[in-house]
Amino acid sequence: MKIFGRVVSGFGEGKYFVGLIPYKNKFKELTGFTPYEGTLNIKLKTYFDIDKYDPLEFDGFEIDGKEYFGGKVLLVTLFNKSGKFVDCAIVSPKKTDHSKKTLEIIAPVNLRKFLSLKNLDIVKIIQALK
C-alpha cells in the first residue's frame, strides 16, 4: 500500500479522544507506542477502505454511562516531502464525523511539529511491515 494525501485541519476532537485512558492504553497495546494526544488528518482523493489491509480491531468502552465506540487501527509509516518519516497508525473509529476520504493518524509525536507539516502539504503513507 502506498497512498498520498494532503494535511488538513480536523475538528479538534482527536486530542480529547486519544487522551482518554482506555483509548490511550489500547492504542499503546496495538501499536507499541504511547500516542501523542491528538491526530493528524489527511485528505485523500478517493475513499480509503481500511479493511483491505488487515487492520487490528479494538472494542469500545463506557465511562460514567457514556459509550465510546471501538474501531480499527492500521500500522503505517508517514513521510513528509523531504523523506523524513515516522512510524504511526491510521485510526478508523466506528463512529466519526470525518468522510471516508479523511484519515486520522496517531503517532508517538506531534506529527505537524516533528515533520514540519502545514495544511495542504502532501504526505506519503505506506503500510508498515508486521
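In case you wondered, yes, glycine gets a Cβ from its N, Cα and C as well.
Listed in Swiss-Prot:
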- Gly10, Phe11, Gly12, Glu13, Gly14, Lys15, Val109, Asn110, Leu111, Arg112: CDP binding site (BINDING)
- Thr39, Asn41: Mg(2+) binding site (BINDING)
- Thr96, Glu104: FMN binding site (BINDING)
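Annotated features, which come from Swiss-Prot, shown on the structure.
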| residue | record | contacts (Cβ under 8 Å, 6+ apart) |
| --- | --- | --- |
| Gly12 | CDP binding site | none |
| Gly14 | CDP binding site | Glu37, Gly38, Thr39, Asn41, Glu104, Ile106 |
| Val109 | CDP binding site | Tyr36, Val86 |
| Leu111 | CDP binding site | Tyr36, Leu40, Leu78, Val86, Cys88, Ile105, Leu117 |
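Listed binding-site residues: Thr39, Asn41; maximum Cβ neighbour count within 10 Å falls on Thr39. When secondary structure is read from DSSP and collapsed to three states, Gly12 (CDP binding site) falls in the coil class. Looking only at the binding-site residues Gly10, Glu104, the densest Cβ neighbourhood within 10 Å occurs at Glu104. Asn41 (Mg(2+) binding site) falls within a strand segment according to DSSP.
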